[in-house]
Structure formats: structure tokens, C-alpha cells
Amino acid sequence: MGTVAVHEVCKSFGKVRALDGVTLDVPDGSFFVVLGPSGAGKTTTLRAIAGLEKLDAGSVHLDGRDATGDAPAARDLAMVFQSYALYPRHTVYENIASPLRARRCSSSEIAAAVEQMSSLLHIERLLQRRPAQLSGGEMQRVALARALVRRPRAFLMDEPLTNLDLKLRVEMRTELTRIHRSLGATFIYVTNDQVEALSMADQVAVLKEGKVQQVGTPTEVYERPANQWVAGFVGSPPISLLACHAEGDRLVGAEGWTLPRPRWTTAEDGRALLLGLRAEDLSVEQRGNASLPGELYGLEPLGDRTVVDVRVGTEILKVKARPTVTGTPGERLLVTVDLDRAHLFDAGTGLSLSEAGR
Amino acid sequence: MAVSVDEAVSTGPARDHTPPARRLGGRGRSVLEVALLTVLAVVMLFPVLWMIETSIKENRDVYAIPAKFFDFTVTLDHYKDVFVAPDGTRSALSVSFLNSVVVAGVSTVLATVLGVPAAWAYSRFAVRAKKDQLFFILSTRFMPPVVVVIPIFLMYRQVGLIDNKLGLILIYAAFNVPFTIWMMKGFVDEVPAEYEDAAMLDGYTRLQAFWKFTLPLLVPGIAATAVFALIFSWNEFVFATFLTSSDSVRTAPPAVAGLIGGTTTDWGLVAAASVVFALPVLVFAYLVRKHLIAGVTLGAVRR
Ligand SMILES: Nc1ncnc2c1ncn2[C@@H]1O[C@H](COP(=O)(O)OP(=O)(O)OP(=O)(O)O)[C@@H](O)[C@H]1O
Ligand SMILES: [Mg+2]
């Protein structure tokens, strides 16, 4: 078992509200990602679960039992700290062994477990070194090993891959997902990298300024963002947002364009809206069912594709295109829109208006 | 001690080596600077030199006029007199040295044992009115001993601590605990709290986490703080003079001072006793000099 439930947790540091009523339900065995920008309260959330912060309000339940007042050691959790927190005077071996030593395992058990972990994370060569003699990426892997060496109720991981180079990061992502599957344990994984969140998670909770914006599967969060902010934060290149309002069966843009009004919108005429269009739902190759006039603003070749920046009035649309696309800035072109996949948000509240009809 | 300061304070990934600060003036140090430093050195060191010289001069040479700088007869008689009484038994001075060792040593240990955990608590926990408490603790050091010695004398008389080594130990510890808390808080602040957090998640209790993971990193700080506390207790004169009277309890400072006065003063003995008195602290400070530097630079140590 390894369910973790956080209920209405608040935590302030002086005047800063780090957590403002955070509620999360982490099912047993899931890979649960907490995604948010820097300062969103991700680390504070993990520390609250681990029992390292005294909560102002709210509760933490582990396996259905209220653990709000329990000491960290009693919670049976393992954590990878954002700053690694490797013991500076201990060797890598002793660092990894520490959780087992604390639980009085025999030295043969410890040796076996440390060996297994170090080969899994490719740090066998480093076992006799001190943390000060390691690179950032090596320290991060040692920190991971120290957490994974035990079978706790749940693993808490605070941005454990950020310091690795891209190749190793992608490799470790796959490796962690594999470890998660083979252990069947609960992982609560914090990241500010939405690619990581989308590729690894069973469930994503999007956090901003201490408030949970949305919880859902990666597909849900990507396809049906709860609000304008989530839509903008998740997805790369970021979603393009155009100011507009509904008028009868049309959407009229602040920049003068018109599009057919999507069937599913419920917004009354004249209400200030934001039309959200993802780069892959736009095309400069005449694929969609409606179009916007604009002019070429710039090209960002990314190897496997090119992102075309198209200026519509004063706003820039990011359009995904084939890598072979060419053009000169200033050139007039038509952007076709897949309106069935467009998003509408209330410009005032930022909340999505798309849910109801789909 | 086996730990170097560098090792103990290098805590994390930051391994930037700051270039050594350029020496002021470099090689072109001005003549004036050298002259001033020489004068200063002579002024500072002359009394020490004179003390050492006097302690190894024969009495004839000690009292010679004009004073003899170089051509005197060397003798170790004064040092013998420090430790051995004329009748061949242990001298009162040697007893007072032993008392000083006991009083300074025990009071320093006591202050460290009490002060270090207190400093840790002030550094790690949200204590109500922490700043006010810390200021209050420091303020107990504002008062010079002479100001409080009379009330303390009266209190000690009530509880029978007058002319008692325990009395001195307690008062020195009381003076050193605030100092230890202040100085050690700086060192504890330098050690990231996350080591303890990680240890607690590993399964240790908070106290175990402190004991096993933070305390070893504090050893240089503890050494530096203890030296300062030791020096205070070792040199303390006012309390020692007022609160002790018998030779068997008296510590070295009042005992050495007591040699001066009366009809004649045996300056050779005074000098030898002073050298013996100064030596232990000098040796000890030399042994832990690295830690001392860490201590006086406090937060300035590179991370
Ligand atoms: N010990 C503390 N004292 C004061 N403020 C704090 C403390 N810890 C966190 N905060 C504040 O709380 C907010 C949330 O911090 P937190 O560390 O949880 O962010 P985060 O989402 O982990 O960010 P990052 O991605 O940069 O690690 C921030 O505004 C931060 O400044
Ligand atoms: Mg963080």
C-alpha cells in the first residue's frame, strides 16, 4: 500500500503563502507528477508530505491514516532532495547505505542493496568518493540511489533529473519509469519540466502560487486545460492566445479576423474571450477548416519540425510546420485552424469554456 | 583534530575556488609601513621578551642597574621555585596552576555541552521572540565581572560556594554559555538543515540526525569556541580574587598577583610563574589555530 492524500494544506513563510489550500490524492502505485514553475510551492508540498514542515492548516493522510503529526522517520517515505542533501563527510557508499543503517540492516544486506543500486544508476566507480568530489549529475544519481535503496511507502522526488545532460536525462526518465513499473510503488515526482511531466506521469497536478490549478492525466491536462494559465504552461511551443468575442455564429478577433464559432462554446455574445490555439492545430499548409490571415514573422527550425511565427495584427501565432517550410519575413500567408481542437477561455477569469460541449 | 576547516565547511556542489586576495601593496611595501610595523612589534613584544628574560636571570642580574640585556647568567632556579616550595614539598603556586586547569577545563566543557545544543535549537527551530531571546543572552555578557561580583559574592555566601572550585566553575560556565551559544549559532547556521531532514527521512530521530550528521561538521566551530571560553576562564581575575581565599582553591591569576607586594618582590619568580601561566593557552591556541581562524571569520568562510 502507498496512498498519499494531502487535504487543504496551507503553509506560509512569513508573508509568503507557499501553499494555499493544496489538496492532492495520490493513488497507490501511481506515478504522480507535481508540475509548476519556480516558486510554485512544489518543494514545500513534498516537505509537507514528508513531515519536514509544520503545517498551518490541513492534513496529510498516508494509507488512509492521519499522519499529520507524525515524525518524518515514522512516515516511511524516501525523498530525493532538490539540493541532494548528500552527507558531506560520508562516502557515496555510506550515503546510499544510510537509510538501511538507520533501520539496522545487516552489513551483507546493505552491501548487496548498495551494489544493486549503484549498478542500476551507473555509479559503481564513485562508491568510495565524497560528495564534494562528484559532479552535479553524479550527486543527483547518488541522491536517487539513496532513496531507491529502500522500499518505503512512497518515493518523493524533487526535480531529480534537472542537473543531468539531455541524453542522460532522457535515459534516466525511461529508467525511472521502468523502476516505477517494476516496483509498483507510489512515486510523487516534482518537476518544472512539462515534457518530463507529460512523458512520465500517470497523473499530473499543476501547481501555481501554492494553488492546484488542475489534476488529471497528461492527456487531460494537455487536451483540456482547466484554465488559460495551465494551457500556457503545458505545451511547447506555448499555446497562442488571441483576444476575441462571440457574435452570433462567428468569433470576432480583437485584431479584426473572424472565424466560425465552434459548436461547443457556451459563451454569450460580446463576452471577452481568449481563443487558445496549439501550434500543432494550426497549419500554414491549408489543412484546417477555417483560416486566419497573417504575415510571416520568423522561422524557428528545430530539426524535426519548424515553428513558424505568424503575426496576426499585434499578436504572434506559433504554428508547427514541416522542417522543409520556407518563406521570407513579411510575406502574407493564411493560417488554417483546426477549430475542433481550439480552446476558449473567459478573458476575465481565465477559466476554460470548452469543457461543457465536448 | 583530524578535520580541516575546508573539509568541514565545503558542503555542496559549489566548488568555486576564489583567487587568493591580492596582498596590499605587494612587493612595493613602503619603508614607512615596515618602520611602523617594527615599532609596533617592539612595543608589543618587549614586555613578553623581558618577562622571559627575567624568568631565567639570576636574582643579581634581575636587580642590576643598569639593566642587563644580554650578559646575564642563565638559571632555571625560578622555574624550580614555581613548582617546589623551599621545604621540598609542592608549592602553593603549583597547586594554583592545577586549580586553574581544573576550573578552566571543567567550566569550558560545561559551557560547550550546554551551549552547543542550545545554539543548534536557536538555529533550527522557530523559537518565539528568537531575536529578543538571543539579544538577552548576549546582554548578559555586557556587564563586566566587577559589576556583578558583589551580588554574586553575597549569593555564593548563602549557598556555601565561597572559596570553592565548584563556585568558580559555575560562574565561568555561566559567563561562557551565552558566548558559546552566539558563536556556535553562526556555525550551525552554516550547516544546511537539509542534512538533518535527509537523515530523518532515512529513519533517524531529530536528535540522532543532529548527533550523527550535524555535530561532526561543527567540530571546528566547537574547537574555536572552546578555545575562547577556555582563555576567558583561564585568565579571569576578578571573580577568582573575590570568591576564593585559600591556597588550595585559588587559581593562578590571583596567586601570581599575590606574589607582588609585601616588602620585597621576587621578580624572577613572578616572571617564571607568568611564563608557566601563559604557556598552556598559547600551546593550545597554536594547536587549534586553523579552527581559530574559522572562528573569528565566522560566516566569511567560503562555502
Ligand atoms: N524556508 C522558507 N522560508 C521562506 N520562504 C520560503 C521557504 N521555503 C519556501 N519559501 C517560499 O515559498 C514559495 C514556494 O517555494 P518552493 O520551494 O516550494 O518552490 P518550488 O516550487 O519548489 O520552486 P523551485 O522550482 O524553484 O524549486 C517560494 O516563494 C519561496 O520563496
Ligand atoms: Mg523546489
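Including glycine, each Cβ sits where the backbone N, Cα and C put it.
Listed in TrEMBL:
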{"type": "DOMAIN", "residues": "B:97-288", "note": "domain 'ABC transmembrane type-1'"}
{"type": "REGION", "residues": "B:1-22", "note": "region 'Disordered'"}
{"type": "TRANSMEM", "residues": "B:31-52", "note": "transmembrane segment"}
{"type": "TRANSMEM", "residues": "B:97-122", "note": "transmembrane segment"}
{"type": "TRANSMEM", "residues": "B:134-156", "note": "transmembrane segment"}
{"type": "TRANSMEM", "residues": "B:168-188", "note": "transmembrane segment"}
{"type": "TRANSMEM", "residues": "B:209-234", "note": "transmembrane segment"}
{"type": "TRANSMEM", "residues": "B:267-288", "note": "transmembrane segment"}
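By the count of Cβ pairs under 8 Å, the stretch nearest in packing to the transmembrane segment (B:168-188) among B:31-52, B:97-122, B:209-234 is B:97-122. Residues 122, 162, 164, 167, 171, 174-175, 178-179, 181-182, 185, 236, 238-239, 242-243 of the same chain, all 6+ positions outside the transmembrane segment (B:134-156), place their C-beta atoms under 8 angstroms from a C-beta of that stretch.
The transmembrane segment (B:209-234) shares more Cβ pairs under 8 Å with B:97-122 than with any other stretch in the list B:31-52, B:97-122, B:267-288.
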